[in-house]
Amino acid sequence: MDGSFVQHSVRVLQELNKQREKGQYCDATLDVGGLVFKAHWSVLACCSHFFQSLYGDGSGGSVVLPAGFAEIFGLLLDFFYTGHLALTSGNRDQVLLAARELRVPEAVELCQSFKPKISVGQAAGGQSGQGPPASQNVNSHVKEPAGLEEEEVSRTLGLVPRDQEPRGSHSPQRPKLHSLAQSESPSSLCGKLKQASKPCPPEDKKLEDCKVLPRPFEAEGAQLQGGSNEWEVVVQVEDDGDGDYMSEPEAVLTRRKSNVIRKPCAAEPALNAGSLAAEPAENRKGTAVPVECPTCHKKFLSKYYLKVHNRKHTGEKPFECPKCGKCYFRKENLLEHEARNCMNRSEQVFTCSVCQETFRRRMELRVHMVSHTGEMPYKCSSCSQQFMQKKDLQSHMIKLHGAPKPHACPTCAKCFLSRTELQLHEAFKHRGEKLFVCEECGHRASSRNGLQMHIKAKHRNERPHVCEFCSHAFTQKANLNMHLRTHTGEKPFQCHLCGKTFRTQASLDKHNRTHTGERPFSCEFCEQRFTEKGPLLRHVASRHQEGRPHFCQICGKTFKAVEQLRVHVRRHKGVRKFECTECGYKFTRQAHLRRHMEIHDRVENYNPRQRKLRNLIIEDEKMVVVALQPPAELEVGSAEVIVESLAQGGLASQLPGQRLCAEESFTGPGVLEPSLIITAAVPEDCDT
C-alpha cells in the first residue's frame, strides 16, 4: 500500500458531511413538507437512483419531496454521508417506504434485514384474532403461478418494489402476506385478506389517526370520481419524468399491478373481494399491454400516464391554481403547489430598505433598488453592460463575447442555451422527429414555437406586427425586430475571432464555419459538402436533377430549384429592397446590385433597359401562392387568364375583370413600363 492513504475516502466523506451541516458548497435544496435540507448533488446522485435520474448531469436546483418523508428524511440524509441508518421498530416502515421510492438499495437492504423486537406472531395476533396464520395456507390449490401472484398483490399494497423483494422480509405492523399470496386464487385471496385486515374503528375516529402511509404521487385516477365510494390504489413513485415510462426490455417483462379496489372507512381500508371478482379476467390474469406514444414511441403502463405525457407534446397545462394562476401538467403538481401555502406567498410583500416602499414581487424590488444604487446586480466582465437577471448576462456573454453555450449535443457538438433546446435539436436533427402536430391540418413542427407560428400564419391569418418602413407584416415580434435591422443597419452579433458583425445569430453561425471548416450539409448523391443548406439545394438541382421542373405561373420562367422560384416570385410581390443610387434600378439581391454598380463605373450615362415583366407586381397574396403551384393544381379562373394573356403580350384588352394602374401604358409588345400592377381575384374554391 505504498503511496496510498487508506482513510482518505473516509476523511473526504466526513468533510462533506461537515460542509453539509454548515451549509457550505451545497448545490441542492430539498423541501420536505416545509423542512429545507441542504446537500451536495454529487452525494445524492451516488446514493440514490432517483436523484441520479432526476438530475443526471449534476446541475443545481431545488426538489420538493412528499411531506410524508419529513420525519425520516434526515435519517436517510445522514445515511448518505455517514453510512449509518438509525432504525427503530417505529420508523422502520417509513424509512423502508422512503428508501424504495427514492431508490436507495443499500437502505432498503438494511430495513429488510432489521429485526424488530416484536415477534411476527404477536403482531399478527394483535391485528386479527380470527383465522389461521397465513403460513398455514401453503397447500391450497393455485390457479396461477405463485411468484407472479405474490408480486402483483405485494406491489399494490406497497410491500415490494418493481423488482421483487426478498421473501424473508416482513413488516411488524402488517400481516404476513407472502405464503398467502402464493397459495390462493384471487377470489379466496381477497377473502383471507379481509380477515387479516384490521377492522374499522367507530366512524367518529379521524382518518388521520390511522396508520395509512401517504402516497405522495398518486395518479389522477386514484381520486373519487362522481361520488363513488371506491378508488383504485396506485402505488407508484412519479418524478418529473414520464410517469410509468418503460424501456423496451421492461415493457416485456413487467406485469400489470393488481387493480385492488378499496372502500373508504375511518381506518385502514379492507380489500373488497366482490369488486375484485367483478373485474374483467384480462385485468386479473393477463399480462400488461403497454400503451405507446404515437409521437415519440415511449411506452407506458396505463393510458393515464400516456395522457399526461402527451401534454408535453401539445403544451397543454390543464390544472391551474385559482389563487395565483400558475398552470401544471399534472394534478398532483398542483396539489403540491397548493400545499406550499400559495396564498401566503401571494400576500407576501417586499419592502425597500431605503424608502420603505412595498412591492408584491422580489423582482420589482430589485428593479426599484437600481434607482437608489444606480447599479444592476449582474455586470459584464468584458464591457460596461449591466443586467437584472443572470440569464440575460449569460445570453449577452454568448452573443457578444463568444462565451460557449452550456449545453452541447453529444452527436454533432452543437451547443444550446437551454436543455430544452438541446432535446428538441436531438429529436429533430438526429432522430428526424417533429413532435408537435397541428390539429387542424396535420402539419408537424419541430418546436412548440414553430407550431404556434404555423397556426397563427396559416389558420388564423394573424400578422399583428407590421414594419413601419415597408409595411411588411409578421406573426411574431422577434421576426419583426430581425427584419427592422435591414432598415436600421444594426448588426448586434459579432464574431469573437475576426470581429465581423451580423444581423442574426444564424448568420453568425454560418460565418463561424469559415473559421472551423465545418460543412454539415452533405449531398446524398455525391461526396460534396456545404456550409449552408441553400447551396446544397442548388447543387442537387443543377447537378443531380434533369430539366427545369419549377416554373412561375405568372410569367412562365422556369427554374431548377424551388428555392430559386421562391426568390423569383418575390419580384412579383415588389420586394426589391436593394436600389441603385445612380439610376434608381432595384434588385432583389445585394450581389446583383454590386454587379450593376460595376457597369456604372465602366460605362458613362448608363441607363438599363427595362426587361419585359420585370416590374410586374401582384398585390393579391393568393396569386403569389398560385404562382408557386404546379399547373395540374390550377383551376380554370382568373389566374389562368393572366398567364395566357401575358404569353400573348396584350394585357389591356384580355383582362376585363382586372384593375390596371391608370397611369401606365404600353409602348410595344416587347417592353413593359416599370410599374404595372395587377390585382387578381382567385376563385374561392381554389385550394391555396
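From the backbone N, Cα and C atoms, a Cβ is placed for every residue, glycine too.
Quick look at what Swiss-Prot lists:
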- Cys293, Cys296, His309, His313: Zn(2+) 1 binding site (BINDING)
- Cys321, Cys324, His337, Cys342: Zn(2+) 2 binding site (BINDING)
- Cys352, Cys355, His368, His372: Zn(2+) 3 binding site (BINDING)
- Cys380, Cys383, His396, His401: Zn(2+) 4 binding site (BINDING)
- Lys143: SUMO2 cross-link (CROSSLNK)
- Lys263: SUMO2 cross-link (CROSSLNK)
- 26-89: domain 'BTB' (DOMAIN)
- Ser169: phosphoserine (MOD_RES)
- Ser171: phosphoserine (MOD_RES)
- Ser179: phosphoserine (MOD_RES)
- 159-205: region 'Disordered' (REGION)
- 291-313: zinc finger (ZN_FING)
- 319-344: zinc finger (ZN_FING)
- 350-372: zinc finger (ZN_FING)
- 378-401: zinc finger (ZN_FING)
- 407-430: zinc finger (ZN_FING)
- 436-459: zinc finger (ZN_FING)
- 465-487: zinc finger (ZN_FING)
- 493-515: zinc finger (ZN_FING)
- 521-544: zinc finger (ZN_FING)
- 550-572: zinc finger (ZN_FING)
- 578-600: zinc finger (ZN_FING)
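Projection of Swiss-Prot feature records onto the structure.
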residue : record                : DSSP class
Cys296  : Zn(2+) 1 binding site : coil
His309  : Zn(2+) 1 binding site : helix
Cys321  : Zn(2+) 2 binding site : coil
His337  : Zn(2+) 2 binding site : helix
Cys355  : Zn(2+) 3 binding site : coil
Cys380  : Zn(2+) 4 binding site : coil
His396  : Zn(2+) 4 binding site : helix
His401  : Zn(2+) 4 binding site : helix
Around the Cβ of His309 (Zn(2+) 1 binding site), the count of other Cβ atoms that are within 10 Å: 21
Residue, out of the binding-site residues Cys296, Cys355, whose Cβ gathers the largest set of other Cβ atoms within 10 Å: Cys296
Between Cys321 (Zn(2+) 2 binding site) and His372 (Zn(2+) 3 binding site), the C-alpha gap once rounded to whole angstrom: 35
Zn(2+) 4 site shell beyond Cys380, Cys383, His396, His401, criterion: Cβ within 8 Å of Cβ centroid: Ser381, Ser382, Gln385, Leu393, Met397, Leu400
Spatial neighbours of His396 (Zn(2+) 4 binding site) that are distant in sequence (at least 6 apart) but have CB under 8 A: Cys380, Gln385, Phe387
Contacting positions for the zinc finger (407-430) when only residues 6+ beyond its ends and CB under 8 Å are counted: 296, 394-395, 398, 446-447, 520
C-alpha spacing of His401 (Zn(2+) 4 binding site) relative to Cys324 (Zn(2+) 2 binding site), in angstrom: 39
Same-chain residues at least 6 beyond the ends of the zinc finger (578-600) whose Cβ lies under 8 Å from its Cβ atoms: 567, 570-571, 606-608
Cβ contacts of Cys383 (Zn(2+) 4 binding site) (under 8 Å, same chain, 6 or more positions away): Leu400, His401
Other CB atoms within 10 A, centred on His372 (Zn(2+) 3 binding site): 11
Residue from Cys352, Cys355, His368, His372 whose C-alpha is spatially nearest that of Cys293 (Zn(2+) 1 binding site), among the binding-site residues: His368
Cβ neighbour count (within 10 Å, all chains shown) around His313 (Zn(2+) 1 binding site): 16
Long-range Cβ environment of Cys352 (Zn(2+) 3 binding site), under 8 Å and at least 6 residues apart: Thr358, Phe359, Leu365, His368, Met369, His372
Selection from 378-401, 436-459, 465-487, 493-515, 521-544, the stretch that has most Cβ pairs under 8 A to the zinc finger (291-313): 436-459
Outside the zinc finger (493-515), six or more residues from its ends: residues with CB under 8 Å to it: 399-402, 482, 485-486, 531-532
Which same-chain residues, if any, lie at least 6 apart from His337 (Zn(2+) 2 binding site) yet have Cβ under 8 Å of it: Cys321, Lys326, Tyr328
Integer Cα-Cα distance in angstrom, Cys355 (Zn(2+) 3 binding site) to Cys296 (Zn(2+) 1 binding site): 55
